[in-house]
Ligand SMILES: Nc1ncnc2c1ncn2[C@@H]1O[C@H](COP(=O)(O)OP(=O)(O)O)[C@@H](O)[C@H]1O
Ligand SMILES: O=C(OP(=O)(O)O)[C@H](O)COP(=O)(O)O
Ligand SMILES: [Mg+2]
């Protein structure tokens, strides 16, 4: 996993423009950061570069702005957070262009500049070489410390490091890779995965190969409804991805062949809309006018029983819309149970980690990973686009 990758402490950073790709895609509500784990975890790398006398240029995406400027997805609150908690961090209103060039050329050694959301430009996601060339102007040394984004072959993760000769992984990246390396090499069994969240189309593809690595999969969150729907269960207005039916059918067939359990919700907390009143549905089928927004109590009890003999549990994706007090119970109950379980527990994902912290049990989890999709893809493939780009 790590062969051929250099680390930041092997690089000469003094007076260099050090471009650090970080994952500052943190949950923000009305301009207030809800969980700063991803920022705090990257501070070791950022402080190291600053103390080495680098001109530190930080770049990240935030959310999915679909290639245009969305003020609510600005990274400005992150610059303010770092300034308030750690040290002064200047904020650039864009990530490329003349005004940013001016900002960068005025930097002194040891100063830190955070660029605006990379995804305000569609070229970031398209891995456009010209966009990478523009970012490259701010980059004598490239550092990837964005574990949570390293499964995305986007410009700042793939195209840019491929253009740079001086490149390395940061300390957060190192911690994550070392932990997963240890986890995938001869894991203790049984090894169970709990999956949920909202990024159904992204993560469903990983399940098929995950089935060769784990002994049981428990599914909650929005992902559960596409599975239930394929099995002929009524899912009402719940989030269902029709174009994934073939993938789900394949997964269910494979599970049958392997005699492997895929455990799905048996009851739900529903509502007529996302922020509507909660209604308990005491069975698998959901009435036509309702959508499933959390797992019910019977499901929680079933999942606890199914997890009770685990030696390792890997969890990605909340069991419900945990940001709302009406739909957080399933997620918090599972978090508390994992915290009390005598197994190796790994929780990954920006939102899952935020949920575990809100539940107050993060101290009892063995590894808090800053990546959800990234940790699943690392389990699946043993590497990530962003790691490979560092090896070239
Ligand atoms: N049943 C559901 N319907 C809609 N959204 C859901 C449901 N369950 C969970 N979610 C949402 O999933 C989001 C997190 O998903 P995701 O980004 O895939 O997880 P992570 O960041 O942990 O990898 C949360 O914002 C949560 O509100
Ligand atoms: O939040 C992230 O992933 P996660 O929700 O799987 O933890 C990463 O920042 C990647 O974001 P993306 O899935 O929009 O590429
Ligand atoms: Mg997320």
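Cβ atoms are placed via backbone N, Cα and C, with glycine included.
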Candidate sharing the substrate site with 23, 24, 25, 61, 62, 63, 64, 119, 152 (per TrEMBL), from 38, 85: 38
Local Cβ density at residue 23 (substrate binding site) - other Cβ atoms counted within 10 Å: 27
Where residue 349 (ATP binding site) falls in three-state DSSP terms: coil
Where the C-beta lies under 6 angstroms from ligand 2, the matching binding-site residues among 203, 292, 323, 349: 349
Other CB atoms within 10 A, centred on residue 152 ((2R)-3-phosphoglycerate binding site): 23
Sequence-ordered binding-site residues from 23, 25, 38 with Cβ under 6 Å of an atom of ligand 1: none
Surrounding CB atoms that lie within 10 Å of the CB of residue 38 ((2R)-3-phosphoglycerate binding site), all protein chains: 26
